[in-house]
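Quick look at what Swiss-Prot lists:
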type     : residues : note
REPEAT   : 14-149   : repeat 'Solcar 1'
TRANSMEM : 17-36    : transmembrane segment
TRANSMEM : 126-146  : transmembrane segment
REPEAT   : 156-250  : repeat 'Solcar 2'
TRANSMEM : 162-182  : transmembrane segment
TRANSMEM : 229-249  : transmembrane segment
REPEAT   : 266-359  : repeat 'Solcar 3'
TRANSMEM : 268-286  : transmembrane segment
TRANSMEM : 331-352  : transmembrane segment
Amino acid sequence: MSDRNTSNSLTLKERMLSAGAGSVLTSLILTPMDVVRIRLQQQQMIPDCSCDGAAEVPNAVSSGSKMKTFTNVGGQNLNNAKIFWESACFQELHCKNSSLKFNGTLEAFTKIASVEGITSLWRGISLTLLMAIPANMVYFSGYEYIRDVSPIASTYPTLNPLFCGAIARVFAATSIAPLELVKTKLQSIPRSSKSTKTWMMVKDLLNETRQEMKMVGPSRALFKGLEITLWRDVPFSAIYWSSYELCKERLWLDSTRFASKDANWVHFINSFASGCISGMIAAICTHPFDVGKTRWQISMMNNSDPKGGNRSRNMFKFLETIWRTEGLAALYTGLAARVIKIRPSCAIMISSYEISKKVFGNKLHQ
């Protein structure tokens with residue numbers, strides 16, 4: 001039985017269970033690369049520590065407290081691009097910037113583990129699991145459902161996966177946007193020692209979120225960065241699914257050597273390799289939006305300008321500013337960590353999904 005026929009014969013519940021099969025595994029294995037990627041991407045926003053003589057301004061996180069402002073190496077004032085954790089960082093970490101600056105993916109991985117504790121690499125894992133399971137269920141099952149009922153499925157078979165993948169990602173990304181925002185913020189917070197408790201960070205983060213909701217409203221605060229997230233995720237999905245469908249048809253193992261390309265283990269290898277290749281291509285193409293998303297979500301609005309008037313609301317101008325002030329390489333910060341995460345993540349997720357579908361399909365026809 002062909003893959004498409006198997007997919008058509010499965011119920012929506014079975015597709016969703018298939019999609020959830022690999023979510024736990026990928027989250028447990030690959031969350032550390034998410035933490036490393038976010039830490040690398042926020043580095044240009046971290047001021048060089050100069051506590052002595054630094055000016056104090058009201059802190060948006062807690063009423064009545066003070067936070068210090070700094071000037072970066074180039075002399076540009078950072079008031080309009082503060083990281084939300086600045087006050088907590090410079091109060092509790094005592095400006096130990098040695099634990100904040102990294103020269104690459106491997107150094108970031110080892111420094112975070114040694115300074116903050118190995119468990120810091122899995123910070124936010126509960127949120128990751130809480131998001132990954134429903135998001136992947138919506139995403140994968142939604143993609144196949146839309147693909148199968150699409151009016152252009154027969155007339156434009158090459159374009160159909162592209163459009164269906166993009167539509168499925170819009171629903172999936174929007175459904176988990178508030179949780180993704182909280183997870184990104186939580187994973188970005190550094191600490192100077194292993195004694196700093198995660199619950200303290202969560203408490204400060206929730207307090208900061210409440211303050212921002214009062215400033216700009218619940219919807220703008222909780223869905224902050226959704227637009228640029230969609231600019232990252234929708235093209236990613238379009239590229240991924242079109243590449244995956246192409247790779248799956250072209251890369252299957254020689255059926256003359258093996259009994260059938262429908263054999264479970266051959267099917268697994270084909271799906272794994274296709275997912276790995278497609279994920280890497282999509283990650284490279286969309287990475288500048290990932291950098292922009294991280295910076296946008298961890299930045300804190302100026303108290304005197306709740307509408308964010310001093311920051312461009314256009315994400316393309318936002319990315320262009322990063323390019324002009326820091327160079328093109330800044331838009332690819334953390335690419336290695338993201339590719340290291342996405343390649344096996346896509347491979348494990350799609351192969352688990354395909355194999356689970358085959359299991360359900362086999363039971364259906366027994």
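Cβ coordinates come from backbone N, Cα and C, glycine included.
Counting residues 6+ beyond its ends, the transmembrane segment (162-182) has Cβ neighbours under 8 Å at 127, 130-131, 134-136, 138-140, 142-143, 146-147, 150, 152, 205, 209, 222-226, 229-230, 233-242, 297 in the same chain. Under DSSP, residues within the repeat 'Solcar 3' (266-359) fall into helix, strand and coil as 75 helix, 2 strand, 17 coil.
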